[in-house]
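Here you go, one structure.
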Amino acid sequence: MGNVCIGPRRNFAKNGLLGILRPRHAAPSSPSQPTTTSRSIPVVLPSAPSSKPPPPTQTAPPVPVVISEPPPPQPQPEPQPAAPSQPPPPQEQPSPPPPASSNTTQQPPPPQQRQQSRAKKPAHIKRISSAGLQVESVLRRKTENLKDKYSLGRKLGQGQFGTTYLCVDKANGGEYACKSIAKRKLLTDEDVEDVRREIQIMHHLAGHPNIISIRGAYEDAVAVHVVMELCAGGELFDRIVRKGHYTERQAAGLARVIVAVVESCHSLGVMHRDLKPENFLFVGNEEDAPLKTIDFGLSMFFRPGEVFTDVVGSPYYVAPEVLKKSYGQEADVWSAGVIIYILLCGVPPFWAETEQGIFEQVLHGTLDFESDPWPNVSDGAKDLLRKVLVRDPKKRLTAHEVLCHPWLQMSGSAPDKPLDSAVLSRLRQFSAMNKLKKMALRVIAENLSEEEIAGLKEMFKMMDTDNSGQINYEELKAGLERVGANMKESEIYQLMQAADIDNSGTIDYGEFIAATLHLNKVEREDHLYAAFQYFDKDGSGYITSDELQQACDEFGIEDVRLEDMIGEVDQDNDGRIDYNEFVAMMQKTTTGFGKKGGHNFSGFRDALKSHS
């Protein structure tokens, strides 16, 4: 479930508003992990404000924005206090009660405006009067018992829907974080679907160095447990509070990480929708510790051109088009721009005493580049912010264009242009694999859970425009173009041939999943062993040429040289493949043909991530 979302409240809790509203001398919070709190309710805005509010540095009060649950009552204008020339001293106040949730739909429509309608009650959910929903199964599959594999330790964080604990792997002593979501608190069908989608998205984004990695999801009668990477270094939020603001070089380095995450999400068809400093954690306490993005509770799968209407996010970071209830993935870029602004000066670009005032400033306020420390900030940084914090999303830079901006290249470590998309990179690596490895990935893909491949399923449907269950050359070409992957026709043809394992001339669903699967899946011993057993038909512990021929027949692969296939993997030259040789082949890093950019993503999948 998501963190804190826009809603009718007066309290300014740390998780809901910028940490700048806390005193800069305040002690940083303890190391945190993603928690589960409330979702959003609609924000009702006047169709036309009576007058344009002054910039934050002026003293005239902002025109209030009315926040109410629909149908909205007729608002009575209330005078607002005059905005001070600088943000007021921060105050910690209790977190607000959770607002009512907005509706979402699981199946995305064609690239048109998404209608928010209440989903029908699934058959596996029973409604009871005293406890909202009685959920029989959230994950819709039987899972292992969490406590058979992990020991739960101290509490790391608390949210509206659940609690995050330290957990230890009983097998190897590794430390992780476990977010336990209480099923009794999932009051609506949408709450249940949101939990499923968050897990699906975490699996879909797996492997990115700056996105928190998921270890697995478990379910018992009481809760859904999500085990993930432990980030013990605390929030980016707290470091901003501690520092006041970063040096320009430090800010550029963090900005690159944040925007690269946004670009990767967009290229894989995911919109985060709640980017803010609280949702970035450091792995450790070191100054140069890696930064990880967390909390995908408000995130959605999207298709190019799709329009969303539900108002979600956090007040200081929400894009103006979100408040106007018509937005797409460009809203994430606005939120990233707000974070960059804060990194450079320590205060948000649009602020006021109340949420109503904040929303009005987001819609109509003026960027302040006059107050300290802006006279000492480079023109390049200000140029980037002017191009990111532009209210017309069509004129706003994309995440890819932000990464290519000269200011983010000032340290010399910016990515080369053009960047590969996440999917294009995976496609290219897949194309360079030997046939045995491709077949093994197909076996692994067919045994993955629904939540692990849900994102890839959405991408397949996006590319399969005629709903035939097959992607032909023209559909692959159009799909790559939609996500900004500019490729020569010869390259696309090579990718097509590489993914088409059975040489049918098209890419079917199973071939697409295998080719776009992130290779972190092959790190799991159970996946590797299951794949090896598929080829080792007689259970002898070896894959022989006869067994390999049988597997090729099952996959419809003809004209193969079995000796060459075995020879590529057979390290001891005994004419067969044992389990250790098989694992070495599967875990060997593969470099795709003509690979550009610095991505370490794998296979066919990265073909869809170039210019978001």
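Yeah, the Cβs are placed from backbone N, Cα and C, and that goes for glycine too.
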Pick the one from LYS142, LYS179, LYS183, LYS243 that Swiss-Prot also lists for the ATP site with LEU156, GLY157, GLN158, GLY159, GLN160, PHE161, GLY162, THR163, THR164.
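That ATP site, as Swiss-Prot gives it, pairs LEU156, GLY157, GLN158, GLY159, GLN160, PHE161, GLY162, THR163, THR164 with LYS179.
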Can you say which of 197-227, 290-320, 414-444 is given as region 'Autoinhibitory domain' in Swiss-Prot?
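The listed stretch tagged region 'Autoinhibitory domain' in Swiss-Prot is 414-444.
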From the DSSP assignment alone, can you count helix, strand and coil residues within the domain 'EF-hand 3' (523-558)?
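For the domain 'EF-hand 3' (523-558), the helix, strand and coil counts are 23 helix, 2 strand, 11 coil.
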Let's see if you can do this one: DSSP helix, strand and coil counts over the domain 'EF-hand 1' (451-486), in that order.
23 helix, 2 strand, 11 coil
